[in-house]
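Dumping what TrEMBL says about this protein:
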type	residues	note
ACT_SITE	35	active site
ACT_SITE	162	active site
BINDING	120, 121, 122, 123, 124, 125, 126, 127, 128, 129, 130	ATP binding site
DOMAIN	92-170	domain 'GHMP kinase N-terminal'
DOMAIN	235-310	domain 'GHMP kinase C-terminal'
REGION	1-24	region 'Disordered'
Ligand SMILES: C[C@](O)(CO)[C@H](O)COP(=O)(O)OP(=O)(O)OC[C@H]1O[C@@H](n2ccc(N)nc2=O)[C@H](O)[C@@H]1O
Ligand SMILES: Nc1ncnc2c1ncn2[C@@H]1O[C@H](COP(=O)(O)OP(=O)(O)OP(=O)(O)O)[C@@H](O)[C@H]1O
């Protein structure tokens, strides 16, 4: 099949439903999930400025949606809580995704993108990455460019370390800088509460603080000599068996000391969630959102209510996971 043929008659991707070709020019809405890192093992600082990771991602039911509509130029708008913190210029990850996909197909990036934002901005829950994955999928469908799934995942990795997982969803181990994914076996659904903080934390600043703390602790390792990070077999077994108690015991985030160092008030948030009956709590990724694993839906509601009353966070949200990755709301793309 030639490249021209592929564009004329999009080949179904491996995860696609077998649906009729989509009429061109109709707006496409894709939603993509937030993530929590149930294990984030951070290795040494690499020469390219990234850290090697063993990053166990779990997608949760907080979503952003991105709608791509026909337009001659590239336009972006954003609504929802936190929209004021989202840049509406070429640095927006959804805009970068549209430009990258257009360049890959040698076409103009004409699209009107609208983000309906529900994932906290700079909260350690990969909201910008969700928008990038959603925009890629929405533009690919709107433009009829029929990019194979493996190529979409490569484009995601160019956009950011967390972006491939926003496309993949579920539960996955991210190696390398987090972009090299292997899907993990998981049973059932886990119940989470997220304590949202006022203001964000900068991801590079948190990684820098992690290096600084390690060097200051005199571990005998400089930032570029840390042992290779590995997934915890007990955590993988807990996911496989759907055992929330065992997962609670294995939750781990090497960035947590750095996030706490930059935002000491998060210690009170973690204490409040644990005191309210959560099985365990940890900083989500680079923070400052804190994630609490609970025994069931009723317990999640009780923990969320107690966290809101505690005054140690801006708001608390319940969520479940794992959930699927980026997908069209009307079911036209996988
Ligand atoms: C903290 C996590 O959210 C955990 O999933 C991710 O590691 C961050 O992923 P992300 O936000 O997609 O980050 P990127 O946009 O790829 O990188 C932003 C910056 O974070 C730092 N960074 C990121 C990923 C990584 N494995 N090592 C790093 O040191 C680098 O300073 C990098 O310049
Ligand atoms: N579409 C977008 N949504 C939110 N932030 C964006 C977007 N595009 C660019 N940004 C910029 O990226 C920064 C980080 O945003 P994001 O919400 O992805 O952080 P995060 O959830 O902490 O990321 P991660 O967990 O992947 O490290 C923001 O402060 C903002 O300046």
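Glycine is no exception: its Cβ is also placed from the backbone N, Cα and C atoms.
TrEMBL annotations: computationally assigned, not manually curated.
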What subset of the binding-site residues 120, 122, 128 lies within 10 angstroms of residue 35 (active site) at the C-alpha level?
none
Quick one: which residues besides 120, 121, 122, 123, 124, 125, 126, 127, 128, 129, 130 have a Cβ within 8 Å of the ATP site's Cβ centroid, in sequence order?
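Those within range, site residues removed, are 34, 119.
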Measuring Cα to Cα, how many angstrom lie between residue 162 (active site) and residue 124 (ATP binding site)?
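Cα-Cα, rounded: 10 Å.
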When you measure from the Cβ of residue 120 (ATP binding site), how many other Cβ atoms are you left with inside 10 Å?
24
Would you report the average pLDDT that the model assigns to the domain 'GHMP kinase N-terminal' (92-170)?
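Averaged over the domain 'GHMP kinase N-terminal' (92-170), the predicted model reaches a pLDDT of 97.
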What is the three-state DSSP composition of the domain 'GHMP kinase C-terminal' (235-310), stated as helix, strand and coil residue counts?
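DSSP composition of the domain 'GHMP kinase C-terminal' (235-310): 45 helix, 11 strand, 20 coil.
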Specify the count of other C-beta atoms within 10 Å of the C-beta of residue 130 (ATP binding site).
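Residue 130 (ATP binding site) is surrounded by 36 other Cβ atoms within 10 Å.
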So how many other Cβ atoms are close to residue 162 (active site), meaning within 10 Å of its Cβ?
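Excluding its own Cβ, the number within 10 Å is 29.
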Identify, among the recorded positions 35, 122, 124, 126, 128, the residue whose Cβ has the fewest other Cβ atoms within 10 Å in this structure.
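Counting other Cβ atoms within 10 Å of each of the recorded positions 35, 122, 124, 126, 128 gives the minimum at 122.
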Could you give me three numbers for the domain 'GHMP kinase N-terminal' (92-170), the DSSP helix, strand and coil residue counts?
46 helix, 7 strand, 26 coil
Less than 6 Å between Cβ and the nearest atom of ligand 1 is the rule; apply it to the recorded positions 35, 120, 122, 128, 130, 162.
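If the test is a Cβ under 6 Å from any atom of ligand 1, the answer is 162.
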Which of these recorded positions (120, 124, 130, 162) have a C-beta closer than 6 Å to some atom of ligand 2?
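Checked recorded positions vs ligand 2; flagged 124, 162.
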